[in-house]
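*Asks:* The following block contains the structure, expressed as structure tokens.
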């Protein structure tokens, strides 16, 4: 590798970075499912799911004028065990994001959470993952949409972290090692939570500041 330029080394490391990011998420999610099936979680916030207030609409309904979510009219799901595993993983701030996507802004504490993530969750649940609603239910589909969205954001964040580190440190090998540690560190579970889009935005913003990319600037500011 001694004869390779810095640009060649960055290109050489891009695919391994993405591979480590994807594999680390798959392993982590598998461990989450395994341990939640064996042990009762300490955090009980996943069970907080009252019916939507009658005078509110879903986050998409705020823009479209319609609301297709109705908890009371939901038929029994075909895969209740899988639905329970997904819903039990909706904890911490994820409860608020899923709730806003489902019911809109009901209470004043909901306004602490910006609408981008709930909007994306709602859009995914109504399009890509809509066929899964009869199998696992609407709330589980919302949770699944959130986890897919934010784990995808983690992969992007890993790429941006590597690119940013290679520019600042001027050493592709060190940047590569730093990114692998980022993917595999013990706090990795938080990177798959539904608010990790913040970190992706931060890395994208710094990268944009160095490359003056207007597209990244717009995308990084809509959260």
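Positions of Cβ are set from backbone N, Cα and C atoms, glycine also.
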*Asks:* State the residue range annotated as transmembrane segment by TrEMBL; the candidates are 1-19, 20-38.
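*Replies:* So the range that TrEMBL calls transmembrane segment is 20-38.
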*Asks:* Suppose you had to name the range TrEMBL annotates as transmembrane segment; which of 175-198, 199-222 would you pick?
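*Replies:* Here TrEMBL associates transmembrane segment with the stretch 175-198.
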